[in-house]
Amino acid sequence: MSKSIEKFPKELVSPIAQLHSLVEKNSKLHIKELFAAEQDRFQNYSVKFDQLVFDYSKHRITKSVLEQLFALAKTKQLTHWIERLFSQDKVNCTEQRAAMHWALRLPSEYSKFPELTKQVHTQLQRMYVLVEKIHAGQYRGATGEVIQDVVNIGVGGSDLGPQMVTHALCDFKVKTAKPLNVHFVSTMDGSQLSDLLHQLRPETTLFIISSKSFGTIDTLSNAQTVRQWLEKALGKHDRVVKSHFIGVSTKAEKMTEWGIAPENQLLLWDWVGGRYSLWSCIGFPIALTIGIDGFQQLLAGAHAVDEHFQNTNFEQNIPVLMALLGIWNNNFLNIQTHAVLPYDGRLKYFAAYLQQLEMESNGKSVQRDGQKVELDTCPIVWGEVGPNAQHAFYQLLHQGTQAVSCDFIAPIQRYNADHFTYVENAEALIEQHHLALSNCLAQSRLLAFGNEALDSAELKNLPIYKQYEGNQPSSTLLLKELNPYSLGMLIALYEHKVFVQSVIWNINPFDQWGVEKGKQIADQLLPILNGAQNDLSALDASTRGLIKILLGKVDG
């Protein structure tokens with residue numbers, strides 16, 4: 001391909017063809033050679049913005065590769081699509097909806113969309129009123145006791161985002177009139193509820209039913225179970241449901257029908273996708289944990305990235321760079337799996353959150369025009385807290401046969417702020433933080449440079465099974481500190497990365513039709529498992545055989 005391309009002027013050859021040519025030309029190129037050839041490579045391939053640093057120097061890229069990636073973005077009209085996203089255009093083409101999660105973090109004084117801003121802040125203010133009442137011990141259950149446990153019942157975006165943020169910001173938990181604990185329940189099999197309910201008192205427990213449609217069977221089955229638990233203990237009175245449930249949904253009428261009091265109904269909108277909804281009242285558990293000021297800082301961090309994304313040239317635009325690096329790795333270097341490796345235990349749920357954000361958004365095979373995609377779309381996204389992952393799957397990263405790209409994430413500072421309750425252990429804890437940071441840097445270095453990172457004397461007689469190929473690309477994201485503002489920034493970076501990649505692949509990142517049909521088929525099978533129907537003739541042999549075992553008609 002490269003020879004034929006050289007016959008034509010560069011401007012007449014598509015960026016995709018140019019990138020394929022660069023792959024062929026640099027097929028043997030190793031990351032260590034890129035660093036050897038460019039002494040100031042870190043300065044040339046890193047970006048500092050606000051409270052974070054993005055280092056992408058350990059990718060298998062050159063200036064020529066970046067130029068063609070930027071050209072590709074321009075041919076796909078990325079600037080136009082960014083403008084469309086930050087308008088009220090219906091960029092969700094299959095559902096004919098806008099995608100305005102960015103509006104959820106607009107400052108109250110924002111003048112460009114006054115009605116939209118007012119709509120959002122009206123609901124946020126209603127949420128803040130409930131948060132203040134609960135924190136002050138003024139919100140009471142049906143028997144008059146103060147609420148001390150809040151259980152969020154949701155699934156997908158109504159669970160993953162709030163749980164991830166609540167856990168990540170545990171250091172910023174606010175003091176309340178009485179100790180307040182926040183819990184999360186999502187699984188439809190009831191196992192989480194079974195484990196949790198025996199630890200709680202009905203009199204002092206409040207449940208949040210968090211469901212955009214207020215029709216998700218996973219969530220409503222759990223909600224019905226806890227309703228029965230409450231009514232068994234406190235009696236079947238309207239005030240039990242009205243005092244012990246808060247609903248968050250687009251469907252006010254369904255919440256009312258279920259029995260939730262109007263003052264306990266918090267609304268969101270169809271233009272908010274579930275996996276983009278933690279900034280809305282779906283984030284109620286977050287606000288309960290870190291307080292109103294903390295929640296507003298989370299929104300402010302995300303809004304700062306929204307502004308950066310809209311107003312920064314591609315060369316310094318972190319979400320654009322993250323996205324284009326992913327395109328290069330996935331579509332040109334054939335690296336089809338991506339590991340997210342935070343070196344901070346508080347980010348325990350971050351990889352799981354990104355799995356939904358990235359794979360549910362961009363796990364598509366049909367373009368916006370209905371044609372099959374021309375390039376592979378979303379890679380497999382996975383990961384774990386880095387220090388734990390070192391003892392689990394880093395063997396594969398270092399010496400396996402799979403090419404894997406990685407994101408390393410770490411805070412620069414920890415254990416040095418006044419609000420930490422464990423400040424008396426600060427010195428030992430700071431040493432532990434430095435231990436985590438040293439491992440983060442060591443692993444990214446070894447993945448990139450391989451044997452080059454080893455001592456030459458050690459390498460001289462090292463058996464091959466102890467050697468390292470390296471050349472595994474990675475980015476490193478350093479946060480000044482993991483706090484509400486910086487976490488808001490981090491999440492928004494990945495949201496916009498996803499959008500940029502969807503533009504390059506020409507797919508809709510705001511629908512999820514792939515998950516719908518499975519739910520419908522489950523509805524068809526449920527009557528058979530419940531004994532209300534026994535005709536299995538329409539089913540495949542495997543499903544028939546499994547159902548017979550489940551019903552005890554044959555031995556398993």
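Even glycines carry a Cβ here, placed using N, Cα and C.
As given in Swiss-Prot:
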ACT_SITE  E360  active site, proton donor
ACT_SITE  H391  active site
ACT_SITE  K519  active site
Cα-to-Cα gap, K519 (active site) vs H391 (active site), nearest whole Å: 37
Cα separation, H391 (active site) to E360 (active site, proton donor) (Å, whole number): 28
H391 (active site): tally of other CB atoms within 10 A of its CB: 9
